Amino acid sequence: MAAIHKKPCTASKSSTESKRTDLKSNEKKGSWAYYMTNSPLLIVMIGLPARGKTYMSKKLTRYLNWIGVPTKVFNLGAYRREAVQSYKSYDFFRHDNEEAMKIRKQCALVALQDVKTYLSEEGGQIAVFDATNTTRERRTLIVNFAQENSFKVFFVESVCDDPEVIAENIMEVKVSSPDYPERDRESVMEDFLKRIECYKVTYQPLDPDKHDMNLSFIKVINVGRRFLVNKVQDSIQSKIVYYLMNIHVHSHSIYLCRHGESLHNLEGRLGGDSGLSERGKKFAVELKAFVKEHNLFDLKVWTSQLKRTIQTAEELGVPYEQWKILNEIDAGMCEEMTYAMIEEKYPEEFAMRDQDKYHYRYPGGESYQDLVQRLEPVIMELERQGNVLVICHQAVMRCLLAYFLDKGADDLPYMKCPLHTVLKLTPVAYGCKVEMFDLKVEAVNTHRDRPLIKVKTPPPMFRRNSFDPLSTKDQIKRPRMYSMGNFSPPPTLPPPAFASTRISEGIESVQREVSVQ
Amino acid sequence: MRGSCRPNNPRDRTVCMTNCPTLIVTVGLPARGKTYISKKLTRYLNWIGVPTKEFNVGDYRRECLKIYKSFEFFRPDNEEGVKIRRQCAMSALNDVRQYLSVEGGQVAVFDATNTTRDRRGTIMKFAEQNGFKVFFVESVCEDPEVIAQNIVQVKLGNPDYMNCSSEEAIEDFMERIKCYETSYQPLDEDLDSDVSYIKIMDVGRRYLVNRVVDHIQSRIVYYLMNIHITPRSIYLCRHGESDLNIKGRIGGDSGLSSRGKEFAKHLRSFLEEQKIKDLKIWTSQMKRTIQTAECLGVPYEQWKSLNEIDAGVCEEMMYEEIQEHFPLEFALRDQDKYRYRYPKGESYEDLVQRLEPVIMELERQENVLVICHQAVMRCLLAYFLDKTSHELPYLKCPLHTVLKLTPVAYGCKVESVYLGVESVNTHRDRPENVNVQRSTEDALQTVPAHL
């Protein structure tokens with residue numbers, strides 16, 4: 001999409017141009033993100049416990065990182081667990097438990113400080129503040145904090161009154177939460193439901209008609225049955241809304257596989273548009289049996305527009321859809337050559353590719369970076385759909401896999417996607433389960449490992465960039481280590497730009513309380 | 001998105017976004033922007049390859065009732081009026097059925113007030129009987145200024161008010177709105193909780209979205225949330241004349257000629273004169289657009305998707321050379337310029353797909369100047385001016401000319417400003433003879449002059 005980074009023009013560099021390039025290199029890494037939103041964004045989740053806030057936070061964060069917007073989740077529960085080493089019971093969450101209230105507020109303030117550090121100093125673009133945030137008081141605190149720091153705010157409220165959904169939610173995620181290490185299911189359920197009751201007492205949902213009409217937010221009602229969207233301010237917020245409207249929670253599986261072995265595969269040639277080899281045809285037959293065996297009801301089948309995937313799908317005997325954007329990465333001048341031929345004919349290019357396989361673009365062709373951009377609509381569609389079988393190609397499959405398995409640009413080009421193997425991805429709790437099915441038809445190995453000696457130079461082919469998928473895992477910061485009676489000194493706050501001293505007051509007053517103990 | 005490949009298999013051509021056809025139904029009092037939304041939505045859906053047609057019940061009524069006298073026709077107690085209006089609605093629904101079930105349409109937009117639950121119930125039954133999905137788009141607005149602006153912009157020029165003065169027309173129209181107000185039953189969160197709809201409030205300030213069931217509905221919602229009616233203009237122009245342009249070669253990544261640089265300077269003066277508020281400038285990632293923007297001395301953004309169409313094996317060739325080396329390809333291109341894909345390159349059809357995010361962003365933005373390329377500019381122009389795929393590849397987009405598009409009423413006003421710097425002509429019309437056996441002379445008949 002848009003990019004502020006300019007490729008070094010061979011035209012004469014005017015002073016404005018170099019100034020601009022300098023400016024840009026100082027700017028946040030995800031320059032595409034800069035275009036989408038000038039100021040950092042704070043997404044604030046709202047909702048009673050077990051409403052899917054963390055699920056949405058994680059998925060949203062994954063998606064935003066994928067499209068190159070550095071995003072991080074700040075989960076208040078994690079901060080609370082650091083502060084209060086062992087959770088005893090729902091009593092902690094009673095709104096008349098003054099001591100606990102103080103701790104909880106302190107945790108929120110610390111988390112917000114981390115948010116500030118991430119957005120202002122560490123190059124983050126979006127922070128997702130994952131907590132209940134059910135009272136107006138808490139939300140006002142957050143809005144003021146954001147205003148002081150010139151962050152935009154977008155609220156995502158999850159409202160659900162379907163008891164079945166809530167129960168299922170609790171079973172899937174809460175039972176295995178660190179809060180309940182050894183409890184049995186019934187008592188977990190019981191304690192958790194009581195916890196929810198504690199929040200209900202003081203819950204003030206967003207009021208679009210009066211109190212909150214000037215806030216930007218989306219209210220997700222009953223797991224996406226209904227949405228209320230208020231005052232979307234810019235492109236990234238509109239993309240967030242679109243994304244949230246497309247994800248769903250019901251179970252479905254995504255099956256990824258490559259086309260059957262092709263004639264070019266046999267010869268070790270890249271790219272091209274050859275047909276299936278004998279073994280490839282055999283694979284297609286096995287695939288058909290696989291589909292039947294697994295009773296894949298209502299399965300959608302997608303292929304690219306290259307012969308080898310189409311021939312594979314044809315064998316299945318079911319309707320399938322062709323997507324041009326699922327076509328294999330275009331190797332440009334190196335199309336239809338073997339690696340040996342490339343090394344001989346274009347030794348420099350060959351070496352450069354090994355140095356930075358993600359950014360490297362084949363002359364006249366594409367890079368993984370280009371591929372990721374082109375695959376975005378497919379990913380959105382996969383989020384929406386039920387059961388889908390995607391018959392594609394090595395590089396394409398690596399990109400899709402990287403998205404669902406939360407890999408970053410570094411790992412992506414080296415993920416293993418062997419021929420004649422089906423990968424089944426099933427979303428579970430906060431991630432994705434992978435099952436590998438080798439359909440037992442021999443094939444050549446087309447995987448080239450990462451070269452051992454990796455020279456860490458700045459990406460040589462960082463031109464015409466779109467964005468870099470980031471992995472969420474690298475980004476989840478460990479909350480500060482402190483426990484009861486052992487508070488670390490309050491972080492030194494710079495003098496606030498606006499006359500709001502609420503945050504520092506808050507921390508100091510709690511500090512005083514504890515030392516009196 | 002899904003693309004169609006070159007083979008002529010019609011199944012591959014049409015984009016199948018939905019299993020069954022969708023009937024979009026507008027809901028709202030008069031002057032709430034229903035027709036504006038219908039037309040824009042229809043344009044967008046057709047653009048992304050979903051065959052869509054709108055059915056405006058007002059048009060049917062005008063056919064039926066040749067002369068419009070006054071708002072009295074719309075009074076709820078006017079029995080004859082009610083009967084005629086009902087008939088018109090039925091007639092329109094019949095045509096909808098024809099379009100969706102017989103003619104291969106995928107989406108029909110039923111543009112009428114549809115303000116009563118009863119009427120909506122009838123439509124839903126009709127849809128169920130025919131296997132169509134229904135999606136309601138309701139526009140709710142109480143801002144008197146917006147409504148007044150609406151009336152002035154679209155109603156005054158309406159055939160209903162051909163023979164009235166503006167004051168008379170406005171007065172009558174306000175009375176007409178009143179006729180609907182008493183029986184208006186807006187979509188309700190509880191009573192209509194099983195219905196798929198989007199409620200647009202206050203021209204997009206707030207949206208309520210209920211039960212989106214498939215991809216096409218989610219695309220529609222996304223599109224509707226991105227359009228606005230704030231007055232603004234879109235400026236389209238090509239890069240300044242490039243070195244390859246002068247030589248009559250297509251594609252490549254050359255820099256500006258001296259006349260091209262001259263143009264960039266003139267463009268700068270033009271923009272300064274126009275005093276455009278908060279203008280955003282976009283270019284492609286090719287030298288010639290970047291160099292043009294550099295001269296403007298203001299920040300600009302580069303979009304890879306704005307790059308010129310990739311001519312594959314024909315990159316940097318002159319038309320004469322293409323005719324010499326690839327006469328068959330050259331002829332095939334003239335036969336179907338929209339769908340023809342250069343070997344190892346792109347087609348206009350591919351370009352349209354690649355430009356979709358740009359178009360979505362253009363809808364969101366306000367004042368924008370897009371410095372791009374001939375084929376790209378043709379696509380953007382075709383979208384905003386509602387041109388067909390036949391016309392698109394032959395739209396005239398000369399160098400050194402700025403086109404100013406200003407949305408007005410249900411369309412777009414175009415002003416063409418030639419900035420007075422000479423350049424080559426790069427426009428090649430469709431030659432008479434497109435037969436693959438044609439002579440070289442016939443093939444090169446329409447090639448513009450160059451060095």
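The backbone N, Cα and C atoms fix where each Cβ goes, glycine too.
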Of B:Arg176, B:Arg288, B:Arg333, B:Arg339, the one that TrEMBL places in the same substrate site as B:Arg238, B:His239, B:Gly240, B:Glu241, B:Ser242, B:Asp243, B:Leu244, B:Asn245 is B:Arg288
The number of other Cβ atoms within 10 Å of the Cβ of B:Gly240 (substrate binding site), counted over all protein chains shown, is 30
Across the domain '6-phosphofructo-2-kinase' (B:17-231) the predicted model averages a pLDDT of 91
Not counting B:Arg238, B:His239, B:Gly240, B:Glu241, B:Ser242, B:Asp243, B:Leu244, B:Asn245, B:Arg288, residues with a CB within 8 A of the CB centroid of the substrate site are B:Ser254, B:Gly255, B:Leu256, B:Ser257, B:Gly260, B:Leu399
CB contacts under 8 angstroms to B:Arg238 (substrate binding site), restricted to the same chain and 6+ apart in sequence, sorted by sequence, are B:Ile371, B:Cys372, B:His373, B:Gln374, B:Met377, B:Cys397, B:Pro398, B:Leu399, B:His400, B:Thr401
